[in-house]
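J.: The structure's right below; bear with me while I get my questions together.
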There are 2 protein chains.
Amino acid sequence: MAEHISKQFDMELETIRTRVLQMGGLVEQQILSAVEALLAGDIDKLDKVIAEDALVNAMEVTIDDDCLHIIARRQPAASDLRIVFTVIKVITDLERIGDEAKKIARMGKTIYQSERYQMPRFREIEKMADSALSMLRRALDAFARLDTSAALELAEADQELDEDFAAELRQLITFMMEDPRTISMSIDTLFISKAIERIGDHATNISEYVVYLVKGKDIRHTTLETKKRETLG
Amino acid sequence: MAEHISKQFDMELETIRTRVLQMGGLVEQQILSAVEALLAGDIDKLDKVIAEDALVNAMEVTIDDDCLHIIARRQPAASDLRIVFTVIKVITDLERIGDEAKKIARMGKTIYQSERYQMPRFREIEKMADSALSMLRRALDAFARLDTSAALELAEADQELDEDFAAELRQLITFMMEDPRTISMSIDTLFISKAIERIGDHATNISEYVVYLVKGKDIRHTTLETKKRETLG
């Protein structure tokens, strides 16, 4: 009987982990669609991204609810409790990545629907989005495989993405100074690159929760040195 | 004996609630200091805000840990479990408000330490910061008094703050177009007003968790109409 309950409990934990990965897949698709639609100037696709953010939000609410039911019925302890806690934290970040995808889509609409002096130039945005997407995939993969080494890699990738954002900012300021007619569009582009930079932060958070899940050690808000010690040690 | 345990449990729940309010107080002080230091051009005070974000982060980690211990030892159900869940969610938002205070301080330093063509103009920033701080206080007060009516008020206040941000953005764009020498400082000012706008979002989230705590209803991601029905009904 105890074994039976334990198996069912394991299955429930496995189900919420699977749902987190489904939510992660949806969020990944949202970013991808937002950036593709932005590059193509595809307003319908941008509208679809904005509308489908509701699905991401609904998944967060459902998974939170599942977690609470598991805690109430199963009274998990130790590593089981850490799984549930990690899921509650991870989906908060996934939901906010969803928000960033929606923001990218909204800014894209603003850019294409306003009068433009020249076509937008999204080369850097494309590069930053590739980095952020690869960070998100790496974080979700780490969550799926309980891989703690991602935290260190993502902390380093996040620093690079921050530097890319700073470079993009400097470049946009140069454009605006050279030709003030580009100011409005440059500000919209700036917000898009800011949204992408934020996706990197959230992906990094997720990989840090995986370290907590596996090792029980909280490495949030620590230096790169500490992360190195805790994830590789 | 059961009563004894129950009383001790109540005390533990009360302790984490008190810690959330202490963390909220610290975060409120961080915003206040950041904005005061920004208006006064006080670099030492800006540095202090940046350094003390570590205290906010440490409080999040400690309170999360307390919550996990309570779940593991007390196996809370129903409303007790909702308290713990709400605390875990609320402190995530408080920690991110702390991040926004740190961003304001960093941008302030950038503005005062770079060569300036003219003195920065922070009248709108001051007004927006007042609104965001009052939203945060209202949200913390709602959490302390289990007051569900704040959610609706804050959803409305958040719309106003979003409009203030949009107005500030338009005004900054006008400045930049009129005089490209103000571009760099205007962008820094824009990021500061964006950080303040985000504080309003987080305060609104907190007030929505209070509705969940009291009524067991999840009103995140719902329309103003639904919030009205659920909070007043």
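Placement of Cβ uses the backbone N, Cα and C atoms for every residue, glycine included.
Feature list, courtesy of TrEMBL:
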type	residues	note
DOMAIN	B:21-106	domain 'PhoU'
DOMAIN	B:125-210	domain 'PhoU'
J.: Counting each residue once, how many in the domain 'PhoU' (B:21-106) are helix, strand and coil under DSSP?
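T.: Result for the domain 'PhoU' (B:21-106), in helix, strand, coil order: 81 helix, 0 strand, 5 coil.
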J.: Do you know the DSSP helix, strand and coil residue counts for the domain 'PhoU' (B:125-210)?
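T.: The breakdown for the domain 'PhoU' (B:125-210) reads 82 helix, 0 strand, 4 coil.
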J.: Note the mean pLDDT of the domain 'PhoU' (B:21-106), expressed as a whole number.
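T.: Reported value for the domain 'PhoU' (B:21-106) is a mean pLDDT of 96.
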